[in-house]
Amino acid sequence: MPVIRFCDGSQQVYKHSVSLREIIENKKPNIIRSLIAISVNNSFSNFNTLITEDSSISFISKKDCEALNIIRYSCIQLLNYAAKKTWPSCKIGESEITKSGFYCDIDFENSITEEDFFILENNMKTLIKREYFISHQNISFDHAYEMFKKKSEIYKIHLIKKYINKKNKISLYYHENYFDIDMGMQVFNIKFCKYFKLQKIGGIYWKGDHKNKMLQRIYGTAWSTKKELDKHLSYINELKKRDHRKIGKLLNLYHMQKESPGMIFWHNNGWIIFNELEIFVREKLKEYKYKEVKTPLLIDKSIWQKSGHWDNYQDAIFTTSSENREYCIKPMNCPGHVQIFNCGLKSYRDLPIRMAEFGSCHRNESSGSLHGLMRIRNFTQDDAHIFCTQEQLRYEINNCIKMIYDLYSTFNFKKILVKFSTRPKKRIGDESVWDQAEKDLSDVLIENNLKFEHQEGEGAFYGPKIEFVLQDSLDRNWQCGTIQLDFYLPIRLRSFYIDEHNHQKIPIIIHRAILGSIERFIGILIEEFSGKLPTWLSPIQVVILSITDSHINYVKKIVQHFSDINIRVESDLRNEKIGFKIREHTLRQIPYILICGEKEIKSKKISVRTRNGYNLGIIDIDCFIKKLQKEIFTRSFYQMEE
């Protein structure tokens, strides 16, 4: 007499063995159509499973929160199955679900391209039309090993040998005659996987090691309904339109090339944006009483060994040598700032010392992880380190928070998420020091009325931290700002100051970043504004168009006037239709398009249009300049008449 317990807490007693189909028809007949998976005692089951003993049963429909992961795990095996049917010699590597879909790593004899997606997708759809049932089996380690060995699945053999105990059973899912290791529960019938789309392909070294073979990673997305899939694809299309790599090329901002992977070739337009951001941050540094410094690009390896960076980050550090000495190309600025602090005796009266740098840093990121401006090997940190006493700590944290929000407000980000990371299991320092540091950080956040997410155990081994995450208009999160306490580095690099009792004391270091990486922040801004940067950041702020050749001299005169007062201006004197010119410069995202014809010359005025299509009419030149200068000077987010 099996007792069946359901996930809603109810239970039912059956006088004899009973199939899952009977249980469903008795208990929840209305969910059969939407049912995608059934779990018996936390294991996969199907309609025909016979229950002979007391069991716990969960019915999973499309509406349940775990449904998406179940569909996506099923799509992973479906993709691998279709790949094996299409290219029988391919070898299946690792696969995983993602936030919006899944990916599969596959070793093909000959590389496939995105054009092959059409073939692969069609084969997946053909398999779905069969509406085959997915089955599940637990077998011995040795049996599974022999099965994968017979198929020459070298990557699967590696995975089971490394991650599965030989004494344990191995769980396999079967899609018809194709089997694979159980990564997560799957649907009981493949028909529930029809709302999917293959999206892109990339390269990935096996196990992330460049010494291993390069596999191809296929990314896909999968959803419960067509509506959800269409919504996601629409979102992806919007992302493609905003892609900073595409817009960067269109606006002639920068380029990258294979001879210098992960490095930026800034063109004049892009370098203007870079410099304007640097000028803006530099003004704030002065306002908040920071001292700007510059540290060397090459520093002897011994400094990085003393600081602990070599032990923890050496794989990411580029090195070079000269005259039998080994140097590190700096991956971060902090050890260099400590060297400046250590130069000369410091008194408690000298503290706090707020030291800032636009530091050019290099990190040896894997080639597969590089992505436009967002993930590069050479980047500029708007980095600062504050050397202070325990008594000054709260004020300095508060000052950092104020500065961070001051800068972010200029860019009109609607939502800033705050995360507070506390002590990890592996850490240095006394518990009392950690207690006080965490209290200082959390108290300052509370005093500033900032809601924050606790990230238990996510702090660095040398101190707790606060992260500031920008949420853009597409609800993507970008971690930019950080406030990180450090009790460790000043000890390792022997930093001290003389206190009021003439004793040596170790300062606390606050690591502070706001933009994070200037290059990455530019990428974020380009995508947030779809290339329509605020006027103060726009490489060209005004373009002046002539209608005919007879208007050229008037245009040149105005261009010279604008240039003399430091407005970034261009002219377009080509003998083209005015509508064509307007469209072209609108696509270039130039904030203001000025038109000069007979009417404008006679009135000694200009016709003004914005890149958003607003016609501001004929305006007095000095009046326009006054408004434009105010917009630029105040770093306004909005254009005239908006």
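Cβ coordinates come from backbone N, Cα and C, glycine included.
Per Swiss-Prot, Zn(2+) is bound by Cys334, His511; the candidate from His267, His385, His454, His585 named for the same site is His385. With DSSP states grouped into helix (H, G, I), strand (E, B) and coil, the domain 'TGS' (1-61) comes out at 11 helix, 27 strand, 23 coil. Around the Cβ of His511 (Zn(2+) binding site), a 10 Å sphere holds 23 further Cβ atoms from the protein chains shown.
Model confidence over the domain 'TGS' (1-61) stands at 76, taken as the mean pLDDT rounded to a whole number. His385 (Zn(2+) binding site) has a Cβ environment of 25 other Cβ atoms inside 10 Å. His385 (Zn(2+) binding site) falls within a strand when secondary structure is assigned with DSSP. Cβ proximity to the Zn(2+) site centre (mean Cβ of Cys334, His385, His511, cutoff 8 Å) flags the following additional same-chain residues: Met332, Asn333, His337, Val338, Asp383, Ala384, Gln484, Asp486, Leu489, Ile509, Ile510, Arg512.
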